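**Q** One structure, as structure tokens, below. Some questions next.
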Amino acid sequence: MQQILNRTGLEGRFFISLLTLALTIVTIWLLANGFISDSATERWATVIAALGAQEVVLENFTFLAPHLPLYLLVPFYYIPGLEDGGAPYLLSIIAAAFLLFLWAHHLREVELSQTRLAMLAVLVVIHPGFLWAATSGSHIALSMVAFYLLYRGFQHIISDHDIHSYISLAVTFVAFFFIDGSAVFIFVALIPLLVVIAPLRTIMVSPVGLYLIVGTPFAFAVATWAYLNWIFEGSFMHFIEHADSAFLGGMLYTNEYPWLLDYGGQFFKPLLAATGYLLIAYPVSVYLLLDTINNNYRFRASFVLLLHPLIAIAIATSQYYLTHPFEILALISAGLMAELTYVRMQTRREFFFLIVFMVVSVVGGWWLFIETANPQMTQWVQSLTGKHTADASKDGDLQVGLWLKNNRLPTLVYERSAFKVVAARGDAEGLVLSFSHDFKSAMRERHPNVRQIAVPEPHSISGRRDWINIRYPHLYDHGMDGFRLVYDNLGWRVYRKVSG
Amino acid sequence: MGQSGGGAKPRIGELLVSAELISNDQLEQALLHQKTAGGRLGDIILANRWVTAVDFYSVLTDQFRKGRIGDLLVERELISERQLLEAIETQKHWGTRLGDIILARGWVKPYLMGEALAEHFDKPNVDLLKDRLDESLLNRNDLSTYSENLFVPWRREGGLLKVAVADVNPKLLEMVDEIVDEPFDFVITSKFDIIWVLQEIGNQFYTEKAVHELANSKPEFSASEVFTVKQLIFLFISMTLSVIAISYWPVNSLVIINVIISVFLLLNFGLRIVLTWVGGDKHFDNLVTDEEVVAVDESTLPVYSVLLPMYHESATLPNIAQALRSLDYPLSKLDIKLILEHDDDETIETAKELGLEGIFEIIRVPDSLPKTKPKACNYALHFCRGELATIYDGEDAPEPDQLKKAVIAFQKAPQNTAVIQARLNYFNVAENWLTRMFTMEYSLWFDFYLPALDALRIPIPLGGTSNHFRMNVLREMEGWDPYNVTEDCDLGVRLTQAGYRVGVLNSTTFEEANNSIPNWIRQRSRWLKGYMQSYLVHMRSPILLYRKLGHVGFWGFQFFIGGTIVSALLTPVMFLMYILWLATSTTAFDPYFPPIVLYITLFNLLIANGFLIYLFMLSGFKRRYFSLIPWALTVPMYWLLQSWAGYKGFWQLIHNPFYWEKTHHGLTTFEVTHDIDASKTPVRTPAPSRAGAK
């Protein structure tokens with residue numbers, strides 16, 4: 001190595017800080033151009049609804065989505081200036097920055113020069129998989145951190161086979177489950193691959209022992225979740241039975257997702273399709289596999305990196321969970337980062353080929369991302385290119401939310417399908433939301449004892465899932481005795497109790 | 001042994017004059033005295049204190065020696081030429097004296113060696129059992145010095161004190177000179193005679209020391225007083241206030257109690273997770289490497305005392321004797337004490353029948369209360385000669401290189417390291433459910449927790465055996481507390497408080513896991529009672545303890561020692577409440593579990609307990625006891641057993657605090673071995689006829 005090595009890490013940290021700043025600017029740019037992530041809004045709405053309730057209890061968060069991303073948003077709730085919903089985006093940037101710093105720290109093991117670190121970091125960050133995760137405000141940035149640690153765990157098991165590596169792997173899986181519903185599929189996909197990761201001798205002596213060591217904490221995590229569902233919601237299966245559950249992915253709305261329409265319920269076809277996606281978006285992982293063919297340890301790791309997400313995608317699709325392959329495919333960026341911490345790019349030739357394949361991956365990734373984008377991804381790309389993508393004045397949810405912000409009477413509203421309403425209102429103070437006792441008792445009454453009722457148009461997507469509509473099917477059109485219409489705009493109506 | 005040449009020897013007087021130890025006038029005077037009163041010239045010179053015995057023999061040793069000791073033994077047909085050559089070859093490696101090697105090999109009986117030595121040094125060989133010593137010559141305060149160094153003032157003859165010694169070397173003579181503080185000469189006897197006679201004469205002294213030394217010199221560390229007055233007052237006030245609070249503010253008070261319990265259990269779990277992570281570092285598995293063991297120069301190894309307290313364990317004696325013989329350590333540097341109770345005729349007879357080599361010495365502990373293992377060890381400590389010391393149990397099978405590893409570990413450790421704890425595990429892993437649980441628990445304890453405690457500088461509760469001490473520190477600490485039924489745990493905390501470090505070692509001693517639940521309950525109730533005793537002793541002055549241990553050490557002590565007790569006592573209460581709630585769906589508990597308490601409790605119930613089960617799995621995994629891993633799922637039942645034992649121990653703490661609940665050993669049908677493979681079908685041997693108890 002003729003260049004200065006990244007020994008102190010100071011320069012590396014400075015560069016990563018610059019990248020973090022760049023990610024922040026990109027995010028601000030996206031938001032300024034009207035990009036709004038439904039996932040981010042939903043999480044933020046859940047948090048403000050839970051914390052703004054009369055009694056702040058765990059069940060306010062509902063058990064229909066993993067809780068860790070919600071808990072991480074809790075501190076932001078108390079920071080002034082973030083009430084408009086910027087917190088999830090900030091959290092994504094923090095998670096991405098944490099991942100980058102962690103990666104730069106681990107890269108010191110391979111004695112990389114500053115220039116090379118900068119080149120690699122830029123190529124990682126500008127890949128759409130990473131950039132999308134880091135700036136879209138979704139939970140995928142957190143999933144990437146988990147996947148990175150998971151992959152480092154694989155690497156450690158292969159190279160060191162010490163107890164720390166198994167504990168890390170098991171604990172990361174637990175955390176993963178509380179971050180992302182797809183962790184179940186990532187875990188299941190690992191089961192056949194464990195024979196590649198773990199030492200052959202251990203597998204031969206006690207495969208059961210090995211699987212128990214890796215899988216028991218994850219099984220406990222799932223069981224814990226089911227138990228909490230039973231305690232608070234009355235059913236162990238609540239989180240996979242409820243229509244609004246994030247754990248179901250796209251299962252109940254297959255028709256809305258082209259990927260599920262094409263491949264839902266199948267295994268081999270999505271596997272093949274995902275392989276094609278991978279070859280286009282991440283050819284660098286194929287290069288790493290071929291490059292390590294003479295190194296047993298590294299080859300096994302590269303093999304897992306190549307195959308693991310593909311199997312996970314196939315399984316998740318077979319269960320109608322995965323709405324778009326990029327939800328898991330993007331994690332390869334994190335896996336790749338972990339892989340690079342083990343690659344010794346000592347010669348100029350090795351590094352050159354790596355860079356070439358990473359550049360090809362970036363180009364292929366962008367092409368694929370744009371070609372296969374779902375509406376949300378399309379909106380993101382458009383915002384990135386400077387097109388103004390959303391007009392708040394035409395969004396019924398946002399408008400009713402803003403109206404409720406100015407008309408702060410206790411209002412009955414079903415927030416699960418109308419999370420934007422709560423997010424736009426900025427807080428949940430005075431709202432009677434679905435997890436509260438007041439909401440449940442209101443649902444039992446012929447005429448709910450609340451000051452206001454907000455209800456969406458019953459034939460809209462959210463209107464069909466709205467519990468108030470289900471309980472009072474004529475409310476939207478005909479109103480209710482004792483209530484008068486005070487708001488009617490863009491598919492939302494608000495009825496106010498006639499005083500006296 | 002040194003050698004003397006043949007031919008005419010110069011006269012003693014001339015040699016002393018030429019060495020300028022005496023003057024010509026003194027020589028003349030001595031010769032004149034010899035002419036008139038008779039006697040040996042050397043005795044006259046020594047009696048006149050013109051020269052010390054040390055200087056005298058440093059000049060004249062070869063004058064008295066007759067032939068080589070090895071040749072003498074061959075001449076007497078006590079050993080063969082081949083054995084002599086082998087001993088000489090061994091001497092090159094071990095660096096000890098030829099006689100010690102021959103005795104250690106068991107080729108010659110000690111009393112015959114005594115005879116040969118006496119002839120070699122041209123001194124009388126006395127049988128102290130027949131030729132009784134003059135007890136008036138003994139200084140009672142020096143009894144420990146006599147027994148530790150194997151000499152004893154015998155008689156006064158011709159005005160010169162005769163000291164019976166088992167061996168002759170300048171260091172010993174210097175010691176004798178210093179202690180007796182008068183002119184002396186020596187006679188030869190066997191070490192067994194010295195031990196026997198000292199025990200006979202000094203029983204009361206040694207017993208008094210063994211039982212009361214700690215209580216007299218450091219009463220604040222003695223568990224002879226279970227609760228101090230201050231503790232009783234504190235307890236009374238706390239309980240009174242609690243009752244008042246519960247009477248007036250029942251819900252709030254119970255909520256607060258609930259919070260305290262939940263948070264304590266949560267932190268207790270957190271500590272165990274940290275310990276598992278820190279202790280799981282593979283660095284701890286290579287503290288001393290095999291290469292270092294191979295490279296060790298045996299001639300530099302110190303004398304090692306091995307304490308072997310046994311009670312009604314005649315069945316296990318042959319095994320442990322063989323295990324100790326198999327240690328990869330110069331046998332002549334082993335000082336093994338079979339510590340047997342006076343009334344344990346059965347084991348004493350077995351020891352005699354076995355015809356053990358000279359490195360084994362039987363120490364008979366006279367009957368006195370409390371009848372505990374620490375008291376027996378304290379007693380034996382007065383007879384130990386090693387620079388280092390360790391304890392093994394009768395059913396132990398230490399890895400052969402353990403002592404060498406301990407020596408290397410001491411060399412590598414900081415200077416203030418007082419004791420190094422080896423790992424304990426079991427050889428009858430797969431005997432039944434209980435042994436499986438016990439094995440996983442021990443693996444977790446010794447392979448994860450203790451190394452982490454060492455790394456984090458939290459007081460280490462020593463294990464019952466295989467702790468390797470620096471003898472001088474052990475004596476400085478007044479040995480073990482005979483009133484504490486987990487004296488090892490207590491000693492570990494005391495050492496840390498005294499500024500010493502307690503280290504760990506990557507060598508394992510395999511023991512017999514309890515395979516019977518009643519027996520296990522007995523053992524565990526004693527352990528938990530001992531933990532309670534230790535906790536109470538060291539919490540007599542909590543602020544002082546905080547100052548001595550620091551933040552991490554103090555809180556580590558609270559959660560590791562205190563947490564073990566509290567967990568054991570609380571588990572059934574929590575389980576019972578949970579089962580009641582589950583079975584009846586009662587809402588009676590709701591007021592006492594406000595949301596935050598409920599969440600912590602749920603976390604403890606689900607995540608913490610889940611991970612604690614997982615830790616058991618990890619312990620089996622690390623030890624490569626893969627077959628145990630699924631069994632870890634049943635560990636909650638083991639916790640209930642632990643609670644049972646906890647309550648029994650608690651009851652005994654109040655009603656019979658010093659009672660040593662006996663654990664029967666020798667119940668297993670598994671082979672005693674240090675070569676364990678839990679996945680294989682165990683090799684079985686016929687069950688021993690009699691079970692031992694400790």
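Including glycine, each Cβ sits where the backbone N, Cα and C put it.
Relevant sequence annotations retrieved from TrEMBL are reproduced here:
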- A:12-32: transmembrane segment (TRANSMEM)
- A:86-105: transmembrane segment (TRANSMEM)
- A:117-150: transmembrane segment (TRANSMEM)
- A:170-196: transmembrane segment (TRANSMEM)
- A:208-228: transmembrane segment (TRANSMEM)
- A:267-290: transmembrane segment (TRANSMEM)
- A:302-322: transmembrane segment (TRANSMEM)
- A:328-344: transmembrane segment (TRANSMEM)
- A:351-369: transmembrane segment (TRANSMEM)
**Q** So, do the transmembrane segment (A:117-150) and the transmembrane segment (A:328-344) meet, by the test of 3 or more Cβ pairs under 8 Å (sequence gap 6 or more)?
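**A** Checked: the transmembrane segment (A:117-150) vs the transmembrane segment (A:328-344), in contact.
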**Q** Ranking A:86-105, A:170-196, A:208-228 by Cβ pairs under 8 Å to the transmembrane segment (A:302-322), which is first?
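**A** Per the Cβ count, the answer is A:170-196.
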**Q** Six or more residues beyond either end and a Cβ under 8 Å away: which residues meet both conditions relative to the transmembrane segment (A:86-105)?
**A** 6, 9, 12-13, 15-16, 19-20, 23-24, 27, 31, 37, 39-41, 43-44, 47, 69, 72-73, 76-77, 79, 117, 121, 124-125, 130, 133-138, 140-142, 144-145, 148, 334, 337-338, 340-341
**Q** Return the stretch with the most CB pairs under 8 A relative to the transmembrane segment (A:267-290), choosing among A:12-32, A:208-228, A:328-344, A:351-369.
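**A** Counting Cβ pairs under 8 Å, the winner is A:351-369.
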